[in-house]
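Colleague: Handing you a structure now.
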Amino acid sequence: MAGSRTNDIKVYCSFCGKSQDDVKKIIAGNNVFICNECVALSQEIIKEELAEEVLADLTEVPKPKELLDVLNQYVVGQDRAKRALSVAVYNHYKRVSFTESRDDDDVDLQKSNILMIGPTGSGKTFLAQTLAKSLNVPFAIADATSLTEAGYVGEDVENILLKLIQAADYNVERAERGIIYVDEIDKIAKKGENVSITRDVSGEGVQQALLKIIEGTVASVPPQGGRKHPNQEMIQIDTKNILFIVGGAFDGIEEIVKQRLGEKVIGFGQNSRKIDDNASYMQEIISEDIQKFGLIPEFIGRLPVVAALEQLKTSDLIRILTEPRNALVKQYQALLSYDGVELEFDKAALEAIATKAIERKTGARGLRSIIEETMLDIMFEIPSQEDVTKVRITKAAVEGKSKPVLETA
C-alpha cells in the first residue's frame, strides 16, 4: 500500500510523524509506515556507515613484511618484485588512510601506481590477485588490447571501473579503494623509431584515456556497461584512491636497455659492462627505456613503481607445482583423494611438465593444461575403477609415451 488515504484514514510516517500530505510518498508495511524522506535519510546513514567500515579496514593495512609473507605462501620466486609490490601497496593504503583521517592539506601524498614488466607466465596477474585477496579489497582485471579511445569500436576505459564496482557488489565506497590490474599494457605502446604501418593507431589515445582515471578523477560509469548515451543514468566513482597495477611483457625492451648502457658485441678493445642475460637487463629498466618503447611520458609519470619479473626457470616451475598452498600437485592429489586414490608425481615427471611449459613459452600459466592433458584419461576412468588405490605419473606419461602407472588393492 502506498500513496494517499486508505478508508479515509490519514496515514503518518512511523519514524518522523509527518502525514501523507507533507511528503511525496508513504510506503506501508505490516502496521508500519515510512515516508520517502526517511527512506532517503536511512540510505545516507547506511552509506556513511559503510564508508566508515571501509576506512576502518584500511587503518589495519598489513606491513610490507606481512604482505611479503602472504605472497611467499602463494608465489614462487620473483623476490625483488614481491618486495617492491609489498612496499608500494602498503604505502598506497597508508596514504589513503592518512588522507581520509586528516582535515588539513599540508602534505599531498601522490599515488603509488605500479608497472609490472615480465614475460608471459611469470606471475604478474597472480601477484596482483594475491595482494587484493590478502587485503580483502575488490579486484578487477582488464585487457588493454580490448580498450579503445572515443570514436573507435571497442570498450571504453570506464568499463574497467564497472568491473571493479561489480566486484564490490555495487558498493561504490568499497570499489573506490579497490585494485585494478590492466594487462597487456605494452600492446598499446606508441612505437618509436621505425614505426610499423600496422601499429594500433589508437594506442596513444587509449593511454590518454587511461591516464585520466589512473591519476584520479570522478568518472561517470554506465551501470550496464557499453557506450555512454545522453540522459543515461550513471554511477559516479572517484578513482583517486584506486590502486592501478598495469603489466606487460614488453618484448624487446632489453635491447633498448642495452643501447642505453652502451653494450656492444664483445670484441677487441671494448670495455663494456658484462651482464649475464636478459633477466639482468630487466632489472636495469628506467622510465627512459619505457618511453622509448612507446608509453607516453605522462602515462609513465603516473606509474612511479616499476617491478621487473624474471623468466621462470625449470626449477622455479617445479617449485610452483609443489610448494605453494595452492600448488597444482596438491590440488590434483586432493581431487583424486575424494575417490580414495593416492596420486604421486615422479621427480622426472615434474621436470618434464616444467620443460614442456618452457618449450611452449607459457610459463606458470601453462602448467595446469599440461597436467590436464596427462591426466584426462585417468580422471575419466578412476571413478569407475574401485580397485585402484594409487596413480603414479611418470616422465613417459607426461611425454605421451605411456600411460600413468596404476596400483590396485
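Note: Cβ is positioned from N, Cα and C throughout, glycine not excepted.
Per Swiss-Prot, Zn(2+) binding site is recorded for C13, C16, C35, C38, and the stated evidence type is sequence analysis. According to Swiss-Prot, the feature ATP binding site maps to P119, T120, G121, S122, G123, K124, T125, F126. Summarising the annotation, Swiss-Prot assigns domain 'ClpX-type ZB' to 1-54 and lists sequence analysis as the type of evidence.
Are these features on the surface or tucked inside, and what are their neighbours?
Modeller: The Cβ of C38 (Zn(2+) binding site) has C13, F15, C16 as same-chain neighbours under 8 Å, each 6 or more residues away in sequence. The DSSP secondary structure for C38 (Zn(2+) binding site) is helix.
Other C-beta atoms found within 10 angstroms of the C-beta of G123 (ATP binding site) number 29, with every protein chain shown included. The DSSP secondary structure for G123 (ATP binding site) is coil.
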Colleague: Rank aside, I only need the closest one: which of the binding-site residues T120, G121, G123 has its C-alpha nearest to that of C35 (Zn(2+) binding site)?
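Modeller: Among T120, G121, G123, G123.
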Colleague: Which ones in the same chain are close to K124 (ATP binding site), with CB under 8 Å and 6+ residues apart in sequence?
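Modeller: K124 (ATP binding site) has long-range Cβ partners M116, G118, Y181, D183, G247, L309.
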Colleague: If you count other CB atoms within 10 A of each CB, which of P119, G121 wins among these binding-site residues?
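Modeller: Ranked by Cβ atoms within 10 Å, first place goes to G121.
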